[in-house]
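In what follows, a single structure is set out as structure tokens and then discussed.
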């Protein structure tokens, strides 16, 4: 019996692209977060019933431009956002208020991440720098020239490994870079992409990194060795990548569909294309730009350019 994914529900609340989705680490949590070009972050309460999968419980407002990224703290109490207004914000999810503003980037913030212990924050920006912050909103370090990216920094992620703490970044200079967190020095340049890199993601055990972007190729890297292991052809621009938390799967949100690979066999598990009611010939078919798995790996949340979150459930097909 093969595992496949079925469209379970659609969450409607945003009025513009769903740019990022964050799920809590606690599998029993009923919260989901989504960031959007409508300048808000929605806090969803998931009921998972047939009639009502979930509703937007709260809207976090304060950014003056598109919210490009959102991540949730490991205790589920706070979230962090990055916006095209050039700032980061730390939000208290219980009150829905901003507790910190992080000011320092000179252009749009494209990506944010929390360290495993939530004590450090990293951000990537169109100003071509990577900044490291503490939770008080103080910038502790800026990575720029000569080791940094020479174009926009599109994505930054911490490795879950606490023994050898590293940051992975991707940029529009076609580079994936691995940074040593202890001294913010460059550990490896991962070279191979032929177009800008939109997304990088680190596997749950911290051993692998996957990157993707304009060239439509998902590249898998060994983080300890700094070497490319293999490539998977998605056949279209990759907007987002994420590893399953409990299966050896990699998911790619592309311009045409969501592809899911089994990394053991390097074969496609599923290719997800929802049906859209396109009324006019000129209408752009919505596509997926953000992905997140539930903590238990049973549900995949996907954010689309039509402002909707489509919820996919993993099940068996005979």
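Cβ atoms are placed via backbone N, Cα and C, with glycine included.
Worth saying up front: this structure is predicted, and the values here are computed from it rather than measured.
Here is what Swiss-Prot records for this protein:
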| type | residues | note |
| --- | --- | --- |
| REPEAT | 13-45 | repeat 'WD 1' |
| REPEAT | 62-92 | repeat 'WD 2' |
| REPEAT | 104-134 | repeat 'WD 3' |
| REPEAT | 148-180 | repeat 'WD 4' |
| REPEAT | 192-222 | repeat 'WD 5' |
| REPEAT | 233-262 | repeat 'WD 6' |
| REPEAT | 283-313 | repeat 'WD 7' |
For the repeat 'WD 6' (233-262), the mean pLDDT of the predicted model: 98
Per-state residue totals over the repeat 'WD 7' (283-313) - DSSP helix, strand, coil: 0 helix, 18 strand, 13 coil
Helix, strand and coil residues within the repeat 'WD 3' (104-134) as assigned by DSSP: 0 helix, 17 strand, 14 coil
Distal contacts, the repeat 'WD 7' (283-313) - CB-CB under 8 A, six or more residues away: 5-27, 29, 32, 34-36, 38, 44, 53, 239-242, 244-247, 251, 253-258, 272, 274, 276
The repeat 'WD 1' (13-45), counted residue by residue under DSSP: helix, strand, coil: 0 helix, 17 strand, 16 coil
Secondary structure composition of the repeat 'WD 2' (62-92) [DSSP: H/G/I, E/B, coil]: 0 helix, 17 strand, 14 coil
Residue numbers, six or more beyond the limits of the repeat 'WD 3' (104-134), whose CB comes under 8 Å of its CB atoms: 65-66, 68-75, 78, 80-88, 140-144, 148-158, 160, 162, 165, 167, 169, 171, 179, 181, 184
